[in-house]
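What TrEMBL says about this one:
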{"type": "REGION", "residues": "B:1-22", "note": "region 'Disordered'"}
{"type": "DOMAIN", "residues": "B:35-163", "note": "domain 'Casparian strip membrane protein'"}
{"type": "TRANSMEM", "residues": "B:41-60", "note": "transmembrane segment"}
{"type": "TRANSMEM", "residues": "B:72-96", "note": "transmembrane segment"}
{"type": "TRANSMEM", "residues": "B:108-135", "note": "transmembrane segment"}
{"type": "TRANSMEM", "residues": "B:155-176", "note": "transmembrane segment"}
């Protein structure tokens, strides 16, 4: 079959050769975790689950509003929840209709959104961690505060940030490798 | 000269054509801010200057050791100082001997280092910001603490992080675009 092709369709030969010369690009598009793949959907669901857990745990403490950093964490993980849930729905749609989400504009939009939300979530997690360590270790006031809840919410926010960072890296790589 | 070349050295013609077909890669290598450019050196010096300022300002307060987050900030900006100063020296060397620092291994090493140090610096800045806002706004204890110094050190750490992020993005882009 292949040996006879160039003779029958001589015009089609160059594109085939060109495609064979660039195996990294073809392989790149198959990486799980990028938009429109099952891995990408799993990452979005993980981000949403961790961010929602952080939000719920922090909301169960009645005194988080007295500390600005905890309020900021709640705002950041709420934004993260909305962003990750929206992109999870987009991923489900892309998987159902077998649509490819790897054009330049979409990659640029996803990279920007992931970069902004991951920065906010990480900032919220770090400031909440600073306060939690201050209350628990430096001042030793855990008996009067919900240290356990603060620690759990902070840990969940860090896990959510970690999952968003992977999405961000993959989208940024996709954008740069085009 | 050029018109006679393909006839004299027919083997050299394909590489010249291939290079002319890929203008984005050639243009990419000229972006200021990448390793081995004047912009890259300026970014490294900025990172070092801001991190060193944060370190000095925090060190002038005698009570920063009582808060874990401030100690962490001091450790993070110290690491940032060392990393940025080392890479500034490498950039100066590369500029003096006109050496190109854009191979895959170097880009990978710089990207990893920038990613790790920028994450540490940002985490330190955010946790210190959380504590500073807690002391200043939530508890109103600025009269007993060095709020001004804490705020200045935090701001310097954020500026240093911002400069490192630009280096990280450019290195990551260079790594992915190869």
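Every residue gets a Cβ built from N, Cα and C, even glycine.
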Residues in the domain 'Casparian strip membrane protein' (B:35-163) grouped by DSSP into helix, strand and remaining coil: 107 helix, 0 strand, 22 coil
Close approaches to the transmembrane segment (B:41-60) from elsewhere in its chain (Cβ under 8 angstroms; 6 or more beyond its ends): 33, 70, 73-74, 77-78, 80-81, 84-85, 87-88, 91-92, 95, 121, 149-150, 152-154, 156-157, 159-160, 163-164, 166-167
